[in-house]
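Listed in TrEMBL:
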- 6-23: transmembrane segment (TRANSMEM)
- 35-57: transmembrane segment (TRANSMEM)
- 77-95: transmembrane segment (TRANSMEM)
- 127-147: transmembrane segment (TRANSMEM)
- 159-186: transmembrane segment (TRANSMEM)
- 190-217: coiled coil (COILED)
- 257-279: transmembrane segment (TRANSMEM)
- 291-310: transmembrane segment (TRANSMEM)
- 367-387: transmembrane segment (TRANSMEM)
Amino acid sequence: MDKIQLVKYIIAFLITMLSLIGLNANMYSWRTKKFYINYFLVAWCITIIILFTLIYIRRLYNEVVSEELDLKNAVTLYYYMNIFGAATNFLSQLWNTKAAAHFFNTVKLFETLKYFDVDVEVIHSSLLLVTLKIIIFPIIIEITLILRQLRNDYEERSLLWTIYTLYPLVIANIIPNCLFGIFVVCRQLTMSLNRHLKELEKEANFLQNMDQILLHKPFYRMQKFCNLADKLDELAEKYSLICAQTLLYMSMCSTPLLASLLCNLFGITAGFFRQYYALADTLINEESYDVFNAITNGVFLIISFLEIALHSLVADQSIEAVKETGLILKRIRLDHADVRFRQSVEKFSFEILVIDFKIQPMRLLNIDLGLLHDVLSAVTSFLLILIQSDLTLRFSLK
């Protein structure tokens, strides 16, 4: 299958899925070749939000009022937090309907893919990485929920309860996963751009060797440098386009991303605390250690950690690829270059300087491997407070 056709099928499937679950109110017009706000889809999104509020948020409110909220269970806490994350996704997407239509109409993904001639293998590898986060993780969680259901309260609730529990988790992570996919695309396109730029660097530096200066006439060298300048201007345009569109989509997804990070932060903290709590009950209160609950709680802990780790890793690689472009430009010699080529290099360098200012700290969040360090630091701080309070209570009762 042609790579452009493959990407079109993926995007069409994604937009259709988002429309069905109430996260997209835009429709594509084959006549105008543009996206527009469809008011039937707007009404559908509002209906989904109302149903979600009546089914999930009302139940959560009733449990808070009746003091039945179980915050000691890592799975339950993760479920509660994802209800909050899902509601944030619904509201933010409805709010950004007009901005999303503008983004879809201005992004030049297919033209950029054609220009850089990205391999199908690269698209497949990127697709596998996105599939891991979007499909595999929810399947693992669903299997874990089914196992817990079969062991703990199979007679009280049907297995459909696991799907009911999984639904907020899937919704809460859809928009952050779309942003994750954008980061994967940004990384691959920037790496491809850097490969083109390295070839240009070699040719420009080669033309400035003394033997090449003596070998060729000034007019020939001027012509070669003008051709290189034209190609450099094209690369500069693509570079600005990639970074600008990534930053634009990130600004649209900032609120759902914050909600997702908060959910995973609570998931990691609750997961570690439950592991400690089970060990403390065994060692201090001499209760039996429940290996099954420890393993299933560990699954939610690991998934929460991997969600943040994968997002941080890919975003960090994207930022490094963007920074590498500036390093390649610095290696281009300008001692014996044509004036036109010098202007193109200086213009590209200035664009990189402006974009670098924007991506630090990515406008809203410092999304790189430093984020993972910050999350682990926050988890450690929370755990120390919780464990200290629990140990104080345990020994005061003895």
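Using the three backbone atoms N, Cα and C, a Cβ is placed for every residue, glycine included.
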Proximity verdict for the transmembrane segment (6-23) and the transmembrane segment (77-95), three or more C-beta pairs under 8 Å:
yes
On average, what pLDDT score does this prediction assign to the coiled coil (190-217)?
86
Using a Cβ distance cut-off of under 8 Å, indicate which of 77-95, 127-147, 159-186, 257-279, 291-310 has the most pairs with the transmembrane segment (35-57).
77-95
